[in-house]
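Notes to accompany the following structure.
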Amino acid sequence: MSKTIHYQKTHFITSAPDIRHLPEDEGIEVAFAGRSNAGKSSALNRLTNQKSLAKTSKTPGRTQLINLFKVEENCHIVDLPGYGFAQVPLEMKKKWQKSLGEYLQKRQCLQGLVVLMDIRHPLKDIDQQLVFWAVDQNIPVQILLTKADKLKSGARKAQVLKVREAAVDFGGEVEVDAFSSLKGIGVDKLRAKLDEWFAPAFELDDEFIEDLDVE
């Protein structure tokens, strides 16, 4: 039984400084991560058709907390702290990096990771580290090459192919697609990917209902 997920009903639950302050490790979580200027907040707002679900900031690096959003029962989106921006003090960068690594390596309910990279500057060192962390934990990764509207169609396709070729080195399940919050490029594909990752939550519901019917 396929379930229609209403992403527009997504709402904020809580913020946490680290994994220990998050709610119980249960259900299914899909995490969004990216450099501080990769357009992560804009992508979340476009995905959910909401203008201010994730707060955008003109000062990259302001999002220092792990933000949790409820999509459906037992389905959550996690907005991880932006990373790697020059204006952020080194100690804070180290703290965020530790927080990211800990979340990816220890959070059992994490079923997929969306990594956002500016299509003009993809695969920076810390982007690659993030993907390797996920692959090491057998977590599937969707790379979104954001701000795709900044390139003409031919250049956009060439860049996607280039990053797809590079992504082979990661091993694991890593997909690469172009994305634009402004023009809506790749939004339907992203929703389809999240539908796939969230699907087991509804299979559990169906099994529970069947058990009740049997009783």
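Keep in mind that glycine also has a Cβ here, set from the backbone N, Cα and C atoms.
These come from Swiss-Prot:
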DOMAIN    26-200  domain 'EngB-type G'
BINDING   34-41, 61-65, 79-82, 146-149, 179-181  GTP binding site
BINDING   S41, T63  Mg(2+) binding site
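Residue with the densest Cβ environment among the binding-site residues N37, S41: S41, by other Cβ atoms within 10 Å.
For F179 (GTP binding site), the same-chain residues that are 6 or more apart in sequence and have a Cβ closer than 8 Å to its Cβ are A43, L116, L144, L145, T146, A148, I185, G186, V187, L190. In the three-state DSSP scheme, G34 (GTP binding site) is classed as strand. In this structure, P81 (GTP binding site) belongs to neither helix nor strand by DSSP; it is coil. For P81 (GTP binding site), the count of additional Cβ atoms within 10 Å of its Cβ stands at 25 [all protein chains shown]. Between G34 (GTP binding site) and S41 (Mg(2+) binding site), the C-alpha separation comes to 10 Å. Contacts of L65 (GTP binding site) defined by a Cβ separation under 8 A and a same-chain sequence distance of 6+ are given as S15, A16, P17, P81, in order along the sequence. Distance between Cα atoms for S41 (Mg(2+) binding site) and K147 (GTP binding site): 12 Å, as a whole number.
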